[in-house]
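**Q** Starting off with a structure, shown below.
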Amino acid sequence: MENIRTRLKFGNKPQDVKLRKRKSQLYSKEDESPNHGELRSRVVGFAVVFRLINCFLVQTSFVPDEYWQSLEVSHRMVFNYGYVTWEWKEGIRGFTYPLLFAFIYKILYFIDYDSVHLLIWLPRIIQALFAAFADVRFFFLIRTLESRDVAKWTFFCHMCSWFSWYCCTRTLTNSMETTITCLALSYFPLPGSKTHNSKMYLTLVALAVVVRPTALIVWFPLVMYHFWLEDNKLRLITQSLIPIGALAVVISTVIDCIFYEKWTVVQFNFLKFNVLHSVADFYGSHPWHWYITQGFAVVIGPHLPLFLHGCSIAFKKYKVLLAAVVWTITVYSLLPHKEFRFIYPVLPFCMIFCGISLVNLKAWRRTAAVALLVSNLAAALYTGLIHQRGPLDVMSHLQTRCNVSGPSSPPLPDVLFLMPCHSTPYYSHVHCPMKMRFLECPPDLGEKGYVDEADRFYRDPLRWLRTSFPYKSSIPTMLVLFDVLEKVRYLQIIFSHVFFKKWCNIYVNLCFLL
């Protein structure tokens, strides 16, 4: 009491109040870590170098969409020649993603540096840098959610994933969707997150949906979880969800209307063709359980045991992420057309469980990490350097025919691709207006008795050849086909046919076998 009276007396010199120092549990992780700026520099440097190496060590083809839904469209937009697939004629693809590469191509064109190597590699490098940025954000997200050890091992699992290596630097809408999803996750209100920003993550989600409308599948349960947590739900709807969603739709629609030169709402057309009319089924279908029995196991790869173990440990804390994974796989399982890349956006979610699993292995941690690295490295190098590299190699060979110049140089070749449609890239990988033709295979859009060109060829090759090339002057000078088809019966008939023999002997300078 005396102390209190003394302090309340006016005119007395106030005494210094000493506070007891207590170590904050909230910031203890940061206190134990080295300088934050130095750590960020090291992580950024590592991620950029790693993804650039990743970019240049992926020299194979994955799916046609990495060219036909991006680079081929961009090339045609800037250089006014090329080929666009039926989707761009029906208005089910958006121009927002190809516009990024078209902008790069336009700059190269203006400064007269539009070499084919830059046209091929610069978009890949840009994609790699985006992926590196997402990697850095992912690392620092986990660092705010978990201990330094968990963040380190989660980042390790994320970076050594063979499927991420295989896909993240490709010019696929799925790759950009995954990159944006990873960025949006860093602003999402996960339990314990200190970087939560509703407007930022919703803006990124809207951008992901503009790039690829199916991103809505991944984010639907997460947005619903946020809505359930939010105290002021009306403010979230009126000040974030509606304005950001409406602005994204308006901007993307304006871009699409400009380039389609007509009123086009791509998101509606995408839903109508792929879901309501099941046009995607034309390109193959799988049983409902394919993602459960094959697809997910291949995408997550050697991480699968760690993922299952991590789910048993961190189920309660990260149940919303696990729910998003299960929801995404379930929804895609209901659609007949299935591909590995469709579930790629949930792979970063899975890596959190893998990192937690590795930390909890303790004595076996190093052994498991080495096994994980070696197994993923083998898959990454094989798929990146060997598997399906023929389509790119053949385009590189064809491109050399464009470099021949001079008064006595031969004319540009006339190329016929006798293989399944869209098996190779096209003008974006040769960058010269040589005449090329392939067997087209647009889906049946309601035409009675419709049979695509590829099926007509395989049913009766000789008839198709006679019909397509009635005169010697129309015969191509080069053929491109898979080497396995050389042994197929109907191709043996073609090669033994008098008309085609004359064609091969006189007009075909090269029959390049993939």
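Each Cβ is built from the backbone N, Cα and C atoms, and glycine gets one as well.
Relevant sequence annotations retrieved from TrEMBL are reproduced here:
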- 16-36: region 'Disordered' (REGION)
- 95-111: transmembrane segment (TRANSMEM)
- 118-140: transmembrane segment (TRANSMEM)
- 200-229: transmembrane segment (TRANSMEM)
- 241-261: transmembrane segment (TRANSMEM)
- 320-336: transmembrane segment (TRANSMEM)
- 342-361: transmembrane segment (TRANSMEM)
- 368-386: transmembrane segment (TRANSMEM)
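Would you situate these features in the structure and describe their surroundings?
**A** Tertiary proximity for the transmembrane segment (200-229) is limited to same-chain residues at least six positions away from its ends with a CB under 8 Å from its CB atoms, namely 94, 96-97, 173-174, 176-177, 180-181, 183-189, 236, 240-241, 244-245, 247-248, 251-252, 266-267, 270-271, 320, 323-324, 327-328, 331-332, 342, 345-346.
Within its own chain, the transmembrane segment (320-336) has Cβ neighbours under 8 Å at 190, 217-222, 225, 275, 278, 280-281, 285-286, 288-292, 295-296, 311, 342-343, 345-346, 349-350, 352-353, counting only residues six or more beyond its boundaries.
Residues 57-60, 153, 156-157, 160-162, 165-166, 301-303, 306, 358, 361 of the same chain lie 6+ residues outside the transmembrane segment (368-386) yet bring a C-beta within less than 8 angstroms of a C-beta in it.
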**Q** State the residues, same chain only, that lie 6 or more residues beyond the ends of the transmembrane segment (241-261) and have a CB under 8 A from a CB inside it; answer 'none' if no residue qualifies.
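**A** Counting only partners 6 or more residues beyond its ends, the transmembrane segment (241-261) has Cβ contacts under 8 Å with 77, 91, 94-96, 99, 199, 202-203, 206-207, 209-210, 223, 267.
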